[in-house]
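Novice: Can you keep this structure in mind? I'll have questions shortly.
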Amino acid sequence: MHLGQRDLQQLCGLGDRMIRVQERREVVRHIVAQQRPHHDRVGDLHLLRICRSDRSRSVSTFPLVQTLDISRLILWMRRWVGVERHFWRMMWRSSRPLVAALFAIAAARGLAIWLMIYSSGQALQAVADRSDRAWGWLVLTVIGLGASPLAEAWQGAASYALQTRFTRQQTLLLAEAANAPHGIGHLENSETRARFNDIEEYLRGMFGVNAMYAVWSVIGYGAVGLGGFAAVAQWSWPVALWTLLAFRVLHATWTGYLDVLLKDLVEDGSIGRRQADYLRSLPLERAGGKELRLFGMTPWLLRRYAEVWRAAFTGIWQRRSRALRGALIGCTVAGIMLVGSYVWAGHAAWTGSLAVGSTVAVLQGLMQMSSLGALGDFNVQAIRARFYENEIRSLRSDLGLAATLPERTGTPRAIDQRGAAAVDVTGVTFTYRSRAEPVFRGLDLHIPAGQSVAVVGVNGVGKSTLIKLLCGLYAPDAGTVRIDGRDPALDDAARRRVATIFQDFVRYHLSLETNVALPLVARGIDEQALRHTADEALRDAAGADVLTRLDDDWATILEPGYAGGTDLSGGQWQRVALARALTAVAAGAGVLVLDEPTAALDVRAEAEIFSRFLEVTRGVTTILVSHRLSSVRHADRIVVLGPEGVVQDGTHDELLVAGGPYADMFRLQAARFAAAGAVSDQNAEMAGESA
Ligand SMILES: Nc1ncnc2c1ncn2[C@@H]1O[C@H](COP(=O)(O)OP(=O)(O)OP(=O)(O)O)[C@@H](O)[C@H]1O
């Protein structure tokens, strides 16, 4: 299986669909193992220290005339050195031969320009002097002229090759950052989420794709500018240095302005901008387009978009116009300095202290030195390249991760324990970070190994939250959650003992085989055994017809956007997801959790699947969450959750006899079925029982 950048971005799980950590980890481990360049090594601790201390995300604002505060200047210098150092280190890690070649090409560009300027001046002088040497100088001029575009073309080719490697490295760093934390709190934190999205957009966008070309163009033009500098310096060092200073002032003022633009884009108003982006994209989406028309919402949407957009950008425009004023002052200063250089050269030529050949060379040199000034788009892109590389580093640092990928972990270890696992929830209190009220206060639930338990309760009572705690996606505020005595919020092995299919399970844009065999895919199991397990799991999940529909082609990608790809119905997708859960059991999970993954199935199909599941998963502990009580009644035990925790606990028959919320809910559902004239065996049985 070879996955491209598009797949990697889907698997980062940064879009609307949040791929569950457990599953994502398996896939990302697999991809990282596949795609990591061979020369990767462990992170550099020194670099990490710089990252940790570098809390600011600003890149290049030169504290030009803003302050004469030396300590601020030193701080800025240190930050700048840290960013540059990291950027070059990461580029070097992407491909040493290409970086070395690009430096050589840049040097060649500078040399070619100098040769062209110098020899053309000499040729002109020789012609003026009617000297035979004119031909020799002309040949050198032509060599310089020819070598320059050739070197530029090579530079383009090499920088695009480097870009591929650099982007792959950045994409893996981002994917690993999204997946490395044990829980999913970072993906639910709006600021962290916005940073992930922003970097991902950059990597996918035009600037990210052309970053290396821009960086090396700036260096190449820098070399050309230095070629011009050398030509001018041959005549006058002071003029060369004065002109260099003028162009660097120009460069610094524009860099400062661009930095303001970039900081705004990333840091300020990002929530407002995200809202505006969302409103703008809504009519372009299939579902959004439908509803907007049905509810006649277009005028409201346009008005709202204009308001949000204006509010998000007002501050940005003010900052930009202030920064632009500074940049224009810098440009004027640089312009006056440059006029000085040309007047100086003109005066020397007029007074005869500069011969005709030297005058031509100096004027050409002055012109070529403009490459050391502001390069417009290339500068913007080169700054962005540094900015986002630094963003990745700082995001990873904030998540407690090294700046580089960790040592190759190889094939994940097989789960050391087998068989059913016991589940113990003791005195658990849990509150979501964004909420004031806890979902649970002192919840107790103990499930012996091998038991099948149905968890029921009204909407919002905390069923899915309980499952997330069992998976270790959150840690409780108080109390303990244990799977066979181990904490899934801390222990990876304990988490892998829990196989869960959530309500919003992921529909991977991958082959049918990978969708089913995902828990085994990264384990290096041979192709035949993998296919056999997937086949068995799909049949046990009553999904044999899915395979038939795909003409027995396990390699079909389950997304119509791919050549030969296709989509499945909601019910077929659920069978695939259930088959995935069974593969996880085959891989060693001891607790199987189904959190309403069968909602798209009709009552009869759901009841059949649950009964079948209880059959095929006899050797493991099973937890079923469903609102359809007819489907879960055959579980060994039924636990009713209420706002105050477990309010009822017993078998279906016991709870019916005892009366209370379960019996009430059951009778209500049965009465609905009876009123609707239900004819299925299940419903008839249900209606009869409730009577
Ligand atoms: N990520 C979250 N951040 C903040 N609050 C959340 C989050 N997820 C769920 N909640 C809240 O926690 C409470 C329990 O939600 P949970 O999804 O566990 O309920 P549930 O019993 O599974 O509901 P349903 O039957 O509708 O699926 C709800 O009040 C819900 O609004």
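Cβ coordinates are placed from backbone N, Cα and C, and glycine is handled just like the others.
A TrEMBL annotation is a machine prediction, not a hand-curated record.
TrEMBL lists these features:
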type	residues	note
DOMAIN	423-668	domain 'ABC transporter'
TRANSMEM	98-117	transmembrane segment
TRANSMEM	137-162	transmembrane segment
TRANSMEM	213-233	transmembrane segment
TRANSMEM	239-258	transmembrane segment
TRANSMEM	323-344	transmembrane segment
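Tell me about the surroundings of these features in the structure.
Specialist: Remote same-chain partners of the transmembrane segment (137-162), defined as residues 6 or more beyond its termini with a Cβ less than 8 Å from a stretch Cβ, comprise 91, 94-95, 98-99, 101-102, 105-106, 108-109, 111-117, 119-120, 122-123, 126, 212-213, 215-217, 220, 224.
Same-chain neighbours of the transmembrane segment (323-344): 64, 236, 239, 242-243, 245-247, 249-250, 252-254, 256-257, 260-261, 366, 373, counting only residues six or more beyond its ends whose CB sits under 8 Å from a CB of the stretch.
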Novice: Checking distant contacts: for the transmembrane segment (213-233), what same-chain residues at least six beyond its ends satisfy Cβ-Cβ under 8 A?
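Specialist: Same-chain contacts beyond the flanks: 91, 102-103, 105-107, 109-114, 117-118, 121, 148, 151-152, 155-156, 158-160, 162-163, 239-241, 243-244, 247, 361-362, 364-373, 375, 377-382, 385.
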Novice: Who are the long-range neighbours of the transmembrane segment (239-258) in its own chain, taking Cβ under 8 Å and residues 6 or more past its ends?
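Specialist: Distal contacts: 60-62, 64, 225, 229-230, 232-233, 323-324, 326-327, 329-331, 333-334, 337-338, 340-341, 344-345, 362, 365-366, 369-370, 372-374, 379-380, 383.
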Novice: Within the domain 'ABC transporter' (423-668) only, compute the mean pLDDT.
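Specialist: Result for the domain 'ABC transporter' (423-668): average pLDDT 86.
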